[in-house]
Every structure is written in C-alpha cells, then in structure tokens.
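Peer 1: For reference, the structure I am asking about is given below.
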Amino acid sequence: MNDKTVLMLDRVIQASLVGFVGSMPVSIAFCQISLGIGWLAFLARSIVTKRWLGYRTVLDTPFLGFFLLSLLVSAFSLKPAESFISLKKFYLLSAVYLVAFNTQGIKRIFELVQLLALMTALTGIFGLIMNLAGLQSRLLAVQGMAMTSGGIFMMAGILFLPLAAFYLNQPGFKRYLFPALYAITFISLVLTKTVSAWLGWVAGIVSILLFQKRYLIIILLAAATLGAGLFVFNPASDRFMTYKKDNTWEARLTIWRIGWQLIKERPVLGTGLIDLGELYQAKRSSEDIRLHGNNRRLGHLHNNFIHIAATMGLAGLLSFLFLWWMVIGQMIGTIAKSPPGHKLLALALLAAVIGFLTNGMAEWNFGDSEVVTIIWFLVGLSVAMSETFTSKPKCNI
C-alpha cells in the first residue's frame, strides 16, 4: 500500500512541477496553485516514508537571513500589518527547494528548461499576432505590463541558447524548430520596447562569453555601448518606441531621488515592506507635479537595490547583496562541476540571473511575481544540477 501511495505522490509532484513550469509565462495564479499542490504532495510523501526528502544547500543561510530580517523590518515598519502581509511573497522563494528536491538527473532538468522556453515562445507568437494587429503597441503577450513581458522574454532568450545549440547537432525537425522559436522569442523581446530588459539580455550573453571566449568581452561591450548610445540619442528611435525615452528616464531619476530621501530618513531598517505610493506622492516637488500632473502614483522605486534599501534599510540591502552573492557563487560552482556537454546549460542559468539583476537596475522586478518566480525556478535547477553532478555519475542528455 505504501509503495503505491509513494508512487502516486511522486506522480503528483512531477505533474505539479510540469504545471508550475508550463504556466510561469502564462498564469501566475495557476503557477502558484501548482507550487502549492507540489509541496502538499512532497510533504505527504515525507510523512508516508517517514523520511525528510530534502537536503541542506549553501543557500539556506542567505535565504533564512533575508527572511528573518524581513520579519524584523516588518515589526518596525511604518505600517506593520501591511509589511507582514507582504511576507507572503516568500512563498514563491520556496520554489527553489521544491524544484531542487524533486528534479533528478540532467535529462529532467533539460526537459523543464525546454518546457519553459517553449511556453514562452508560444506566448510570444500570440503577442506578435496582437502586435501586428495593432492591439499591442508594446508587445505584452499575455502579461499586463511590458516590463513583465520584457523580463520573461529576456530570460527565455538566454535559456534558448543551450537548447538551440544542443538540437543543432541532432537529426530531425528540432534542429530547425528551436532556432526558429529562439528568433520568435528574441523578436518578442525587442517589441516589448523595454530597454532595461534588452540590457539584461546583453548582460546575460556577456556573462556567457566571459566563461567561453574572454577575448570577445571588450569588443562586445564596446559594440553594445555604441549601439545603446546611438539608439538612446537618435531622435528617430522615438518613432519605434512609441513613448518618449527621456520622459521615462526623467521619471526614474525623480523616483530614485525620492528613494534616496527615504533611505536617509530611515537608514537602518527602512519603511517596511509597504507600498510607497503615499510617501512618493508626498515628496514630489511642485515642479515635478507641474510637468507631469498629480496623478503619477508609484508604489515602488524602479530599482531593486534602491527599493530594498528604502524599504529594508541598509541592513536589508546588505542581506540582499549577500543573498545574490551566494546565488551567483552557487551557480559558478555548478558550472565548475558540469561536464563539457552540460556547461552551456549551467552557464545559461547563471546568465539569466545576471540578466535579471541587470534588468533590476531600472525595474522593481524582484517584486514582480511573474518574473521572480522564474528566477527562483532557475536557482532551484542550478541546485539540482549541482547535486546531480556531485552524487551521481555524469551522463549525457
């Protein structure tokens, strides 16, 4: 009886992972439900087998430290109740462990990456149709904001690299399918017209080249800088963007200045994990209101690091930086353990995180559930990949 129950629960866990990954670029609600079902099945399996099926990772300390500090910040928040409620976002972080504990073998890891890339490409096809029909001037696909769709397509555009590279050497239609889907994803990224997501993609590609062909870095950086400069300062580019770039960057500069004021007022533990709309509105200058009206209300600061420093203080910023330092260190360790045939996949996971952090220099994507869920999934895959090459014989996809 126990064997049948365990087998059933294993199937539920794997089905939940498929639902979780497949719905990430489509529906955050279904994604979160799948995550919950997966955890319930995992806990039930642990009870039935009378054995905890997880393991310790190098990320436990930074994750726990960031969570405990968030509790402390909430206790001293300007709005404690709202701040404590915001802690529910840590539920998404649990995906790191569900994925890591239940993804065995490089073949399964590759399948899940492939599923995410394929589903993102399908939403890209939908977005392209909507864009061509004139229904989306900035490609949103199935998301509500171009910043969200840009972040998703940016990461998928990086993850498609190992898939396209693998299938190019294989017989059959997939050697043509995956490069074509990669092209669709990249075009979708461009049509989101989200400059920070473009820069995230460039940063991700640069990080891959840094490990693969170091001598190309200077050339690539110079070309990217020149290209970005020509685009930003070329008036003709405004016709493509459909909005004034200088207005959006001017708004960000105002937001960041207000963020700096908030940091100076509460430097240690910040305001708490609250919506910053009221504080932002109260600190706007009369000149800013005259130029842009009195309806501009923003609950975040369009920069992960400034926002964390404002809401969690300098203590929170240090904890946040330590968390990502450890994540990147873990991923570099996975790359080092990976055999040559799998290094590009491990590199792509790291590159997506680098892209996310770069994108977060001008967006609050750490607070964007659709985007950050993908990041936690990729971190979980890196942990699973490291465990695979540490405890099991190396194998091919």
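Each residue's number is its place along the chain shown, starting with 1.
Every residue gets a Cβ built from N, Cα and C, even glycine.
Keep in mind the model is a prediction, meaning the values are calculated, not measured.
Pulled these from TrEMBL:
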TRANSMEM  12-42  transmembrane segment
TRANSMEM  62-78  transmembrane segment
TRANSMEM  112-133  transmembrane segment
TRANSMEM  145-168  transmembrane segment
TRANSMEM  180-203  transmembrane segment
DOMAIN    182-321  domain 'O-antigen ligase-related'
TRANSMEM  215-233  transmembrane segment
TRANSMEM  305-332  transmembrane segment
TRANSMEM  344-362  transmembrane segment
TRANSMEM  374-391  transmembrane segment
Peer 1: Does the chain bring the transmembrane segment (374-391) near the transmembrane segment (62-78), so that three or more CB pairs sit under 8 Å (pairs 6 or more apart in sequence)?
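Peer 2: Taking Cβ pairs at least 6 residues apart, the transmembrane segment (62-78) and the transmembrane segment (374-391) are not in contact, as fewer than 3 fall under 8 Å.
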Peer 1: Excluding the flanking five residues on each side, which residues at least 6 beyond the ends of the transmembrane segment (344-362) place their CB within less than 8 Å of a CB in that stretch?
Peer 2: 106, 109-110, 113, 150-151, 154-155, 158-159, 161-162, 165, 195-197, 199-208, 211-212, 252, 302-305, 324, 327-328, 331-332, 334-335, 338, 371, 374-375, 378-379, 381-382, 385
Peer 1: Okay, the transmembrane segment (180-203) and the transmembrane segment (12-42): do they have at least three CB pairs under 8 Å, pairs separated by 6 or more?
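Peer 2: Per Cβ check, the transmembrane segment (12-42) does not touch the transmembrane segment (180-203).
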Peer 1: Could you give the mean pLDDT over the domain 'O-antigen ligase-related' (182-321), rounded to a whole number?
Peer 2: 79
